[in-house]
Amino acid sequence: MKLVADVGNTNTVFGIWNRGKILKNWRISTGRLETEDEMYVVLKQLLEAGNVDLKSIEDICVASVVPRLNSIFHYFGRKYLELDPVLVTAIDGIGVKWDVDFPSEIGADRVANVIGAHEFYGKDAIVIDTGTAITVDVLKDGAFIGGAILPGPMMAMRALFSKTAKLPEVDLFYVENHIGKNTEDNIRIGVVNGTYYALKAIISKVKEELGDKIPVIATGGNSPMFNIGNGFFDILDSDLTLKGIAVFCERVRKLEKNSAG
């Protein structure tokens, strides 16, 4: 079994990958992973609750957008499991070409999403990941050709709250009418509805350039918030990032084995 981790700015999602499937997953606050020992305590509790023996973990695979935690995962792996984790990056030789200006700048989560989309849904896809930031990743003919980044709904709302004197934090959801009658709905319409239409416009423009038949795959914790009515997501795969991390890991280990002879 593999332990896979999608480390985000706000939350981290751990998963157990075995025989081509994510068997279990857990979402925790990234702030709980400040040292290798804290990571051990958290993971031991999660795995025990899921009836998974920590000693059954044979590999660790991590996609992190929080660079300072990369070393923590290495310390944890070596100290408690005698394993060196695989860190997801945009490298050559793993089945996807990186047709962008600076592949080294692609976030690990985006690499994992592209790998996962390519492995499970084919060589053409638009992937929408709705986390702290929202990413749009475009896969065409088996190559990552670019995308877009925009603020996620929580980030946008907290920017309003922190930069103004009177605007409150509110629960976020899509509002059916588009003329708010109170401050809370005004914020929801601006933040959630506004993001919905921004995504819809971006996807429409991408399809104009590449063709209408390219599927739109959604992942990330806020994806259901934007799949309103006849939504523009063709596929909702909450495990896409974890699956992509696991596939990346398997391909890297195969490359390492082949290079070792």
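Heads up, the Cβ atoms here are built off N, Cα and C, so glycines get one too.
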One of THR132, THR135, THR164, THR183 listed by Swiss-Prot as binding ATP at the site of ASP6, VAL7, GLY8, ASN9, THR10, ASN11, THR12, VAL13: THR132
Among THR10, THR12, THR132, THR183, which are binding-site residues, the residue with the most C-beta atoms within 10 angstroms of its C-beta: THR12
Count of other CB atoms lying within 10 Å of the CB belonging to ARG110 (substrate binding site): 24
DSSP-derived structure type at GLY8 (ATP binding site), helix or strand or else coil: coil
Secondary-structure category, per DSSP, in which GLY107 (substrate binding site) falls: coil
